[in-house]
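Undergrad: Heads up, here are the entries from Swiss-Prot:
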| type | residues | note |
| --- | --- | --- |
| ACT_SITE | 507 | active site, nucleophile |
| ACT_SITE | 569 | active site, proton donor |
| CARBOHYD | 36 | N-linked glycosylation site |
| CARBOHYD | 182 | N-linked glycosylation site |
| CARBOHYD | 190 | N-linked glycosylation site |
| CARBOHYD | 362 | N-linked glycosylation site |
| CARBOHYD | 429 | N-linked glycosylation site |
| CARBOHYD | 449 | N-linked glycosylation site |
| CARBOHYD | 534 | N-linked glycosylation site |
| SIGNAL | 1-24 | signal peptide |
């Protein structure tokens, strides 16, 4: 342990040109974390993350987050103007607390019993841990001692008696640093955590751009790029879930960075509740980026001895542009975030009943739809909303939520009987396999027209006597209550135990409005994570899919438990290109649910060719159908078995391969290439989205291939990787809207 002076002696150490060595050896589990005195370096294969303790005060100052470095490292020289004393407001800080002259956004703000919000969290000690400890009650990345090493830096405020343990886990193979903080009240009185960021990064003086995802229902994940201006800018969710409006993801890059070239930093918060992302360029030109819990939904009281652990935030660095950043996140999440056995397993082609039947069905029509699905070669039949409710049957969206018992009017012989009939069907008349059965749930919600609400109105979130506002005729259950968590676990378990159910679609169709306190949002998510963990552990052979009116909760927190998420309720293929490519900035395509739907499309009214619709959906890890085959034209119905076979051929590459966005979503010719992990196979998805008269045919240039290797293109022509990447190929289209799926095989 090192003793440090108090803040009164800060200035003396602030102007010291401080230099200590960084050892330049390949990153591994033995040198991923290098400690030299009180200078700390985390090394990935291509990245270094470095900070040090100020000798005079014990404050943590940031040095470098970027390309891997070695040797002696100079820290910032802080300017002095007209004799004025410099403060920590002029330096790059690692975990900025409130007060003491730093007027930028803090990573932590604590209100003490006396009302003070000043903190002085200074270095006390550090610990290096092989591997990575779990975060109590929260989703988190994981790995063995060979995969990851963790540095914990222990800070302490002697006046308030508050401790903060900063956790840094380095995954060298993925150039990823994962950060979180654990705050403990070691004093005698209560304190209130008003702000807590999982990660704060101060970038050096330079111009930067930022990219983020915005949207709304049915138009999620639209990417936006803008210059980082002086002052503050940012986005958040206050809806109690990550939401359609913004995603807990941020990318920072140099203005010259493109999809394939240039420095890019990616930040992804492993959390599903209300969050905040703030970016501030200060007067000195430094840019500070913070991601964490939303301060407006926090006010977390810590009694003596209690702790608050932040969600973790993943930070990656790539010199290979925005695409390089995305591929690092994809690989990390596939291998070290998603716990499900289905993370990289081939997904069954499914048919979901919602757009085909809606609420209008009974056991006869359900069986008929399942039979038609099996005849087409579908492997999994999913019965969506409407199957439950006894006294308050779910025949529309205004009743039944909360009463998770099968509707006896729809299923007079019982739901297990219906499941048995459906799972006796054979996909494509292949008697060696049986059709699987899945079911839709929305367990976090309750209708006022339900037995549950009449028995437990207090279980619905509310704020005293204020009106309980409805969305889609429903209220939100208070998942912070252990009795509500236990009810949900038992209700879902009873259904899964009653029949051969191999898939669950878990929906969430509204945000949180009224709560008894700001901290309820985070308490809700902790309760929700307990439910997710319990059920997915109890039923590991069930394929779980997340949903929140589409992609309203498409975030890393959900991916810990559910390997796939319904990307959007918008199934229009042209719209989906934008939504899926935007989602892929942070999330692996393996996690995306994407379906071929009927035309005219229910959301846009647009009619597109069936091959185009199917090819767009194949770019998601979970390909399915969202229609009623009985209503399809004969030529489209006849095409479905071949499209399913194609989807099953590309699915292993989409699930496990690297994704290259060759041409942007707003191009007339969007293009995406997937390359298998061994580099032996690749598949190109290429689209024409609008007609051109007498226009030259563009070339699409591949990326990520071996320039020295030779590849066959659809088993025909052969070209070198260098030719495919530098010259490219032309693909003519014979209609105004068209698509191609092209296979490459390394010879």
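In case you wondered, yes, glycine gets a Cβ from its N, Cα and C as well.
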Undergrad: For residue 449 (N-linked glycosylation site) and residue 190 (N-linked glycosylation site), what Cα-Cα distance in Å is obtained after rounding to a whole number?
TA: 41
Undergrad: Quick one: among the glycosylation sites 182, 190, 362, 429, 449, which has the most Cβ atoms sitting within 10 Å of its own Cβ?
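TA: That would be 449, with the highest Cβ count within 10 Å.
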Undergrad: Report the same-chain neighbours of residue 569 (active site, proton donor): residues 6+ apart in sequence with Cβ closer than 8 Å to its Cβ, ordered by sequence.
TA: 217, 218, 549, 550, 603
Undergrad: Per DSSP, residue 449 (N-linked glycosylation site) is which: helix, strand or coil?
TA: coil
Undergrad: Closest to residue 36 (N-linked glycosylation site): which of the recorded positions 190, 362, 429, 507, going by Cα position?
TA: 190
Undergrad: Say we define neighbours as other CB atoms within 10 Å of the CB. Which of the glycosylation sites 36, 534 has the fewest?
TA: 36
Undergrad: In Å, rounded, how far does the Cα of residue 429 (N-linked glycosylation site) sit from the Cα of residue 190 (N-linked glycosylation site)?
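TA: Distance between the two Cα atoms comes out at 67 Å.
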Undergrad: To the nearest Å, how far is the Cα of residue 362 (N-linked glycosylation site) from the Cα of residue 507 (active site, nucleophile)?
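TA: With distance taken Cα to Cα, residue 507 (active site, nucleophile) is 22 Å from residue 362 (N-linked glycosylation site).
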Undergrad: Which residues in the same chain, at least 6 apart in sequence, have a Cβ under 8 Å from the Cβ of residue 507 (active site, nucleophile)?
TA: 385, 440, 441, 442, 547, 548, 549
Undergrad: Could you find out if DSSP has residue 190 (N-linked glycosylation site) as helix, strand or coil?
TA: coil
Undergrad: What is the interatomic distance between the Cα atoms of residue 534 (N-linked glycosylation site) and residue 190 (N-linked glycosylation site), given in whole Å?
TA: 32
Undergrad: Sorry to bug you, but what's the C-alpha spacing from residue 182 (N-linked glycosylation site) to residue 190 (N-linked glycosylation site), rounded to the closest Å?
TA: 16
